[in-house]
Amino acid sequence: MSHGMQSANAGPEQIQDSDLSISDQNEDYVTIPGLAGGAVGTKYDWNTSYAADEGLDGRIVSIPQGKVVGGSTKLNRMVFDRGARSDYDGWEALGNEGWNFETFLPYFKKNEKFTPPTPEIQAEYNIQVDLEYHGDEGYMQTTYSPFFWPTTKNIVQATEELGISINDQATGNAFGGYFCPHNLDPETVTRSSAEEAYYASAETRSNYHLLTGNVVSRILTEKCNDTETVKVTGVEFSTSANATRQQTKIKREAILAAGTLHTPQLLQVSGIGEASLLESINVKTVVDLPAVGHNLHDHISIAVVNILNTTILTNTLTTNTTFAAQAREQYDNERSGPLTSPTGDFLLFLPVQTYTNATQSILSQAVAGGSSASLPPNTPAEVARGYEAQFDSLNKKLEANDSAMLEIIWADGVVVLGLQHPYSRGSVKASSSSMFDAPVADVGFLRNEVDTALLREGVHFARRLAVAPSIASLNPFEVSPGSNVTAFADIDAFIRSTASTLYHPAGSCHRGKPSTMSVRFQAAVLADYGQADCGVLRT
């Protein structure tokens, strides 16, 4: 619902019609930065999962989705960074005119109320910030943590020792290493979510209404006179599967922002999607749009785990009750100390050629397999054609030095490796005609073996990182997969048995003309309808 909050907030500034946002509704594990992520699996989470994944040896992976005003901005780890300039420009190269870094930058800045790092943190870590790329009048509070865990210095120094540049991600140079701001209010030192940013600033408006405890069950449509265009006229909603359905009409436009998994499901149960799927769930086809629900992908991740010889680690908050109590007292009384950091204060985003010398062999593997190796069986022909352009773009990224393929999250010896541009694709399909039944989300992790190869090379890099002098000084001892796991086949087996998600599903509602997967808000066959969530994006 985070994108919905933003869209609903923006609309009433310009029009006098009523806006209706529909969602569900703060605890320490939501508001305190050092407890970020604690709301996952609670009542604030839809508690959904991907379908059993063949690429993960049949395992089922959960995928948190915010079930609260503010959506997943209440659940996430508060990382507030931008992608690389080349990634945004790549959207325009796929045919989406005006979708590039320079045109997005004013909106990035408009969203943000940025506060530079504290003088102490800035001096200690020599953090370089270009204020020209930040906003200071937006709704979302952003800043750097006022506390960095001690081993942050080790990973920063190791980055320099490996010859990797440290950049300012806000400028569009989101590759190499960088210090990461967070959606963090510097005054209260609490999470700044879409609720505080957009709902709180709009709730007093007479034309803004928020309805909680309800689920949109269907989008209402009607045919326009003598044309193929279908007009969105309203939405149907209710509190449960068996409750009475209620309706509200729209005057101007409906903005759909139910997230990457629920947006395609809602379209499908409303008769907008692949006709054969709609028939199988007993839904009358309103618009036959085969691409709806296809192209789902997510950032797959693995973790190389090392034990370190040091006393102050992030997990000390959970293993040492005395330390935890002192940290809580420090936070409550002074708004300082370990609980002011959600971690992730320094990240690495590495182009392929930065972390491996196997670029050409991986590119050859990708080309030999072709685009079809990424797609699930029975992918509609028009969807497959649309993916070919993405496939070509991914191949170019393999050789690019300005686009990161691998994210490195260092957490006291745990090296999380996140694939940023996966080849593998899946789908989201409604399991029935009811929004109260979870959709079948087959993300297709590791469907294309190129993804496995890219992660395998990430394991090799994690081991090189461990012998950089500033990390080696901590005497790391690898316990997973274990330093004895060196053969490609054994590393691949480790990847399949442990890989999970970085919680960034995207791409399930690429829309435009019915025969393409172009990313456009205004579908050629839908009037008075827009979409504002990650379903329209590709990573």
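Cβ coordinates are placed from backbone N, Cα and C, and glycine is handled just like the others.
Unlike curated records, TrEMBL annotations are generated automatically.
Now, the feature entries from TrEMBL:
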type	residues	note
BINDING	VAL68, ASN76, ARG77, MET78, VAL79, VAL216	FAD binding site
DOMAIN	66-89	domain 'Glucose-methanol-choline oxidoreductase N-terminal'
DOMAIN	259-273	domain 'Glucose-methanol-choline oxidoreductase N-terminal'
Most crowded position, judged by CB atoms within 10 A, among VAL68, ARG77, MET78, VAL79, VAL216 as binding-site residues
VAL68
Spatial neighbours of the domain 'Glucose-methanol-choline oxidoreductase N-terminal' (66-89) far in sequence, C-beta under 8 Å, 6+ residues away
1-5, 23-26, 30, 33, 36-37, 39-40, 43-46, 99-101, 104, 108, 140, 142, 169-175, 178, 180-184, 191, 193-196, 199, 210, 212, 259, 342-344, 347, 349, 400, 402-404, 503, 539
Mean pLDDT over the domain 'Glucose-methanol-choline oxidoreductase N-terminal' (259-273): what is the value?
95
Cβ density check for ASN76 (FAD binding site), other Cβ within 10 Å (all protein chains) comes to 23
DSSP-derived helix, strand and coil totals, residue by residue, for the domain 'Glucose-methanol-choline oxidoreductase N-terminal' (66-89)
9 helix, 2 strand, 13 coil
